[in-house]
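Novice: Pulled from TrEMBL, these are the listed features:
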type	residues	note
COMPBIAS	23-37	compositional bias 'Basic and acidic residues'
DOMAIN	151-201	domain 'Inner membrane component'
DOMAIN	368-487	domain 'Sodium/calcium exchanger membrane region'
DOMAIN	590-732	domain 'Sodium/calcium exchanger membrane region'
REGION	1-37	region 'Disordered'
TRANSMEM	154-180	transmembrane segment
TRANSMEM	258-281	transmembrane segment
TRANSMEM	336-356	transmembrane segment
TRANSMEM	396-417	transmembrane segment
TRANSMEM	437-459	transmembrane segment
TRANSMEM	471-491	transmembrane segment
TRANSMEM	538-558	transmembrane segment
TRANSMEM	590-609	transmembrane segment
TRANSMEM	621-641	transmembrane segment
TRANSMEM	662-681	transmembrane segment
TRANSMEM	687-708	transmembrane segment
TRANSMEM	715-735	transmembrane segment
Amino acid sequence: MASDAEPGRRRRCCTQDTPDVPKVPDSRSDSDGPRRGSLCDRHCAAINDVQGDLGDLGCHLHRPRVPPATSTPSCYQQHSEEVCESCVVKTTLTAENAVEANKLSNNYKFGFKKWKSHVTARPWEDRSEIVKELYSDLNVIRGSGGSTLTCGNVLYLLLFGWWLSLLYVLVAAVMFVTVIGAPYGRLCWGLAGYFLWPFGKVIQKVEVPKSHHTCKAGTEESSALLGGPTPRRWHPQCWAGTGYWHCASSAVWLCLGYPVLVLAHGLVCVTAWLLIVLIPVAKLSARAASRVLLLPPEQVLIRRLKMTEVPLEGEVILCCYRAANPYYYKYAVDGINVFAVNLLPLVLVTLVLGYVDSPNHLTGSAIKFTLALLSIMPLSYYIGMAIASISAQSNFAVGAVVNATFGSITELTFYITALIKGSREGNRCYAEVVKSALTGTLVGCVLFVPGLCMVIGGIRHQEQRFNSRSAGVSSALLFLSVGGVFAPTLFSKVYGKLVCGECHNVTQNPLGHYLCHNCHFDLMDNNGTLYYSHVQPLVYTVSILLPAAYLIGLFFTLKTHTHIYDIHVSDCHMPGHHHSAVVHWSRWRALVILLLSTLCMSACADLATEHISPILTNSTISQYFIGVTVLAMVPELPEIVNGIQFALQNNLSLSIEIGNCIAVQVCMLQIPILVLFTIFYPTNFTLVFSDLHVYASMFSVVLMNYIFMDGKCDYFQGTVLVMVYFILLAVYFFAPSPSGC
């Protein structure tokens with residue numbers, strides 16, 4: 001066997017037989033063929049399951065090293081001889097359902113948004129034990145919980161436990177003073193000890209026999225779960241007959257004790273939820289306020305668990321072992337990541353504060369600008385999730401239209417609002433900031449996004465491979481787009497007239513050297529003949545050719561040359577799974593969220609451009625640097641996170657495609673749309689960039705193509721890209737502000 005002779009080989013399996021590997025007939029009947037195929041499919045699915053990635057499985061098919069005549073007839077042995085060594089031939093996608101498979105297939109299509117998160121609910125049995133624990137209720141008793149003295153539990157004690165316990169003691173004192181609320185006083189006294197350190201303890205609902213019509217003291221009960229006698233309880237006579245909600249003690253409790261404790265637990269719940277890693281504490285507080293505090297005191301039993309205890313017949317309400325769990329960054333609510341959920345209130349605060357406090361009485365422009373910029377991040381996530389959901393549940397035409405229409409809506413919204421404001425104020429600085437943001441997006445997506453993914457992915461995987469043919473298509477489009485975008489700039493450098501604002505003779509010699517400031521190429525010489533007769537027609541020509549080239553690239557990769565990606569949706573889903581798709585967002589719901597997110601994005605962009613003017617005028621930092629960093633990369637943070645997740649799963653092809661597709665869309669869609677917008681709404685935006693933008697963009701594209709030439713990379717090459725990106729940022733940081741700002 002080859003597995004014995006060469007144990008170091010890495011092998012993978014594919015669901016289809018390669019046509020160039022000859023089949024050897026065996027001595028068994030023809031009916032054994034389908035059985036062999038089924039065995040092979042089951043073997044493939046098992047390998048996919050072991051790898052843990054439901055998305056992308058690269059399969060390299062080669063001829064067996066042994067002669068075909070001597071190759072073994074079984075399907076399993078045939079696949080064992082197929083060795084992965086070079087470029088990707090087939091990419092097999094294995095998913096739980098057709099909708100998820102469609103989403104995975106769209107990730108490999110040029111021009112479609114790459115989305116890592118699931119758009120359908122994953123079957124519970126497919127999830128790991130770590131993820132199952134995140135979604136489990138705090139009512140499960142473990143056989144061995146381990147030590148409860150952990151850093152997270154101590155953090156709970158310091159942040160919440162001590163004052164929450166003290167509050168329960170004070171409420172218990174108030175209940176005892178009222179006399180008729182004494183049962184709730186006893187309950188609060190017990191809960192004070194519980195919430196001081198709830199770990200390793202259990203709160204259980206115990207049913208009280210209806211025959212207890214009188215108050216009994218000293219009654220002891222044995223517990224199969226906890227062992228030993230239960231604590232003494234006072235059973236008020238009113239619980240047995242008319243129902244405890246009609247008792248006077250319940251009225252006192254609902255008026256004096258319960259509201260205070262609910263407010264306290266609400267504060268704990270919100271704070272812990274925002275900290276994310278302390279979400280178990282949020283669940284603990286929410287369950288205590290909604291269940292424990294609404295139960296009759298006699299039905300609440302608080303005990304400490306022991307290692308030898310077994311469950312008892314009563315209902316377990318609360319049982320917590322850990323206050324913190326670092327894996328809660330994976331937690332999702334209705335398919336939405338917890339970070340996006342927590343940032344959604346920030347959008348509401350930004351809109352209310354921005355439009356209600358217009359005179360800046362409560363906060364200044366800097367805070368409002370920062371809030372508006374941060375609000376773009378969750379809105380970008382919701383837009384991406386909506387686009388992925390609609391595309392996965394629709395046909396190719398609908399998905400292509402949605403991606404082309406809303407794929408760049410985040411950036412275009414900000415750019416257009418900035419140009420409108422600059423035109424109204426007659427300030428050319430806004431146009432320069434937009435150009436800086438466009439260049440920063442291009443440079444960041446070409447250098448920083450793939451470089452960061454290479455570094456993080458290379459920490460886990462020593463060497464990562466990607467589809468060099470698909471990357472080559474994006475690289476060719478990048479060369480074309482960069483050349484087209486900067487063609488008017490190069491034309492103006494050749495034929496424009498250099499004009500300087502101020503010059504000084506440094507040698508006191510009329511023929512000596514002059515030091516000039518604020519120099520630029522004047523395109524409006526001779527009443528603007530050069531610009532209007534030569535540069536502007538060139539700009540319009542480029543703005544027509546670039547979208548046409550983008551459409552040709554779509555047709556090339558999605559219709560005539562689909563073998564470049566060669567995506568195959570496997571028929572063998574995960575073993576034993578025949579689940580129907582349960583989508584998080586239906587098409588109509590996704591469409592509504594997409595439109596609402598776009599509307600909120602427009603409002604946040606308007607607020608950002610409204611309050612950016614004081615920052616541009618009063619800041620000592622170059623406007624170039626603000627544009628290429630903050631304004632360019634903040635809207636792309638969800639895409640960066642997706643790229644990192646793909647890289648960690650050894651799928652660097654999609655990580656690279658994320659950056660390349662954004663860069664291509666900047667040059668071939670966003671810039672032509674801005675030029676088209678200036679035709680209907682005149683602004684100060686012209687397709688003539690500074691020398692710094694031209695050199696940085698061209699150098700970045702050339703370096704990216706050199707790094708991606710061999711179809712494999714490691715963390716060192718990623719480090720090179722990231723370092724070059726930071727060097728360019730340093731150049732922008734120390735560069736003087738553009739003329740007109």
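Positions of Cβ are set from backbone N, Cα and C atoms, glycine also.
Note: TrEMBL annotation is automatic and uncurated.
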Novice: Within the same chain, where does the transmembrane segment (662-681) have neighbours whose Cβ lies under 8 angstroms from its own Cβ atoms, ignoring anything closer than 6 residues to its ends? I mean 6 or more beyond.
Specialist: 111, 404, 407-408, 411-412, 415-416, 419-420, 423, 434, 438, 441-442, 445-446, 449, 474, 477-478, 481-482, 484-485, 539-540, 542-544, 546-547, 549-550, 553, 636, 639, 687
Novice: Pairs 6 or more apart in sequence, C-beta under 8 angstroms, 3 or more of them: is that satisfied by the domain 'Sodium/calcium exchanger membrane region' (368-487) and the domain 'Sodium/calcium exchanger membrane region' (590-732)?
Specialist: yes
Novice: Grab the same-chain neighbours of the transmembrane segment (154-180) for me: Cβ-Cβ under 8 Å, and only residues 6 or more beyond its ends, written as numbers and ranges.
Specialist: 186-189, 191-193, 195-198, 248-249, 252-253, 256-257, 260-261, 264-265, 268, 271-272, 278, 281, 323-324
Novice: Do any residues of this chain, six or more beyond the ends of the transmembrane segment (258-281), have a C-beta under 8 angstroms from a C-beta of it, and if so which?
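Specialist: Answer is 134, 138, 152, 155-156, 159-160, 164, 167-168, 171, 188, 288-289, 293-294, 320, 322-326, 328-329, 331, 338-339, 342.
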Novice: DSSP helix, strand and coil counts for the domain 'Sodium/calcium exchanger membrane region' (590-732)?
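Specialist: DSSP classes over the domain 'Sodium/calcium exchanger membrane region' (590-732) add up to 117 helix, 2 strand, 24 coil.
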